[in-house]
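Pulled from TrEMBL:
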type    : residues                                                      : note
BINDING : G18, S19, G20, K21, G22, T23, R132, S177                      : ATP binding site
BINDING : S39, R44, E65, L66, V67, G94, Y95, P96, R97, Q101, R138, R149 : AMP binding site
REGION  : 38-67                                                         : region 'NMPbind'
REGION  : 131-141                                                       : region 'LID'
Amino acid sequence: MADKIKDAKIIFVVGGPGSGKGTQCEKVVAKYGYTHLSSGDLLRAEVASGSERGKTLQAIMQKGELVPLDTVLDMIKDAMIAKADVSKGFLIDGYPREVKQGEEFEKKIGAPSLLLYIDAKPETMVKRLVKRGETSGRADDNEETIKKRLDLYYKATEPVIAFYSGRGIVRKVRLESPLTGCSQEIRREGMFVMKEMS
Ligand SMILES: Nc1ncnc2c1ncn2[C@H]1C[C@H](O)[C@@H](COP(=O)(O)OP(=O)(O)OP(=O)(O)O)O1
Ligand SMILES: Nc1ncnc2c1ncn2[C@H]1C[C@H](O)[C@@H](COP(=O)(O)O)O1
Ligand SMILES: [Mg+2]
């Protein structure tokens, strides 16, 4: 089964909470047909299933903490295998959250060809998440948990960007302006991503 994904094209999408990872992934999917897999979405689907494992995950996510590495990596791997036959490549959104996650992914699945780093100012991220919380229904879109997620991002996830920068595969996208006002930057980055995807 794992053979199905051993040569898969992989792009990691990393950025702070509310930086716009999911939003940008949808744009790339619409344009280039890659498969978008968000680790957070996979975890929330498990929570929604009502399983015992989902209950444990919910408690961790509600506190803004990271779930165990093996749990999230197994979920991503299974989702990749399920889509392998119809996928041109994978956008892995929200993973790795720490350097160790990247190392384990490479051991068990493969190396990324690109890391798309979605950058945003902390005050922008907080504002977006508070706004999203008005309608998202996400248990972690509240001010207390947002602060914890942001602190954890700077402590655990920022080193991931430095780690992959050393390999020369990081592309940074900063989108502070409203979505309608940033088409030029998306186009420029999109062309680069397209080259990587071909
Ligand atoms: N460039 C942008 N300008 C304005 N609003 C944006 C922009 N990008 C995203 N948003 C909005 C959409 C959402 O309501 C919110 C968060 O975006 P989203 O794509 O869900 O972030 P994310 O996937 O990085 O967050 P999380 O880590 O919490 O899943 O901000
Ligand atoms: N890669 C991950 N490792 C550990 N925990 C994760 C991972 N991706 C998501 N999670 C947990 C912890 C996060 O606060 C929530 C929500 O994730 P998001 O990417 O913001 O949707 O899920
Ligand atoms: Mg997201």
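Indices start at 1 and increase along the chain as displayed.
A Cβ is built for glycine as well, from the same backbone N, Cα and C atoms used for every other residue.
What TrEMBL annotates, mapped onto the structure for a quick look.
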residue: G18; record: ATP binding site; contacts (Cβ under 8 Å, 6+ apart): A120, T124, M125, V126, R128, L129, R132, I146
residue: S19; record: ATP binding site; contacts (Cβ under 8 Å, 6+ apart): I118, D119, A120, M125
residue: G20; record: ATP binding site; contacts (Cβ under 8 Å, 6+ apart): I118, A120, R128, L175
residue: K21; record: ATP binding site; contacts (Cβ under 8 Å, 6+ apart): V13, V14, G15, S38, D93, G94, I118
residue: G22; record: ATP binding site; contacts (Cβ under 8 Å, 6+ apart): H36, S38, D41, D93
residue: E65; record: AMP binding site; contacts (Cβ under 8 Å, 6+ apart): K148, L152
residue: V67; record: AMP binding site; contacts (Cβ under 8 Å, 6+ apart): L43, L57, I60, M61
residue: Y95; record: AMP binding site; contacts (Cβ under 8 Å, 6+ apart): F12, S39, V72, L73, I76, Q101, F105
residue: R138; record: AMP binding site; contacts (Cβ under 8 Å, 6+ apart): R44, R132
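Proximity to ligand 3 at the level of Cβ atoms, with a cut-off under 6 angstroms, picks out K21 from the binding-site residues S19, G20, K21, V67, Y95, R132.
Cβ neighbour count within 10 Å across all protein chains ranks R97 highest among the binding-site residues R97, R132. Burial estimate for the binding-site residues (T23, S39): highest at S39, by number of other CB atoms within 10 Å. DSSP assigns G22 (ATP binding site) to a helical segment in the three-state reduction. When the Cα atoms are compared, R97 (AMP binding site) and T23 (ATP binding site) turn out to be 18 Å apart.
Across the region 'LID' (131-141), DSSP helix (H, G, I), strand (E, B) and coil residues number 3 helix, 0 strand, 8 coil. According to DSSP, S39 (AMP binding site) sits within a helical segment. In this entry, S39, R44, E65, L66, V67, G94, Y95, P96, R97, Q101, R138, R149 make up the residues listed for AMP, with the farthest two CA atoms of the set 24 Å from each other.
Less than 6 Å separates the Cβ from ligand 2 in the case of S39, V67, Y95, drawn from the binding-site residues K21, G22, S39, V67, Y95 in sequence order. Note on the region 'NMPbind' (38-67): its mean pLDDT in the predicted model is 98.
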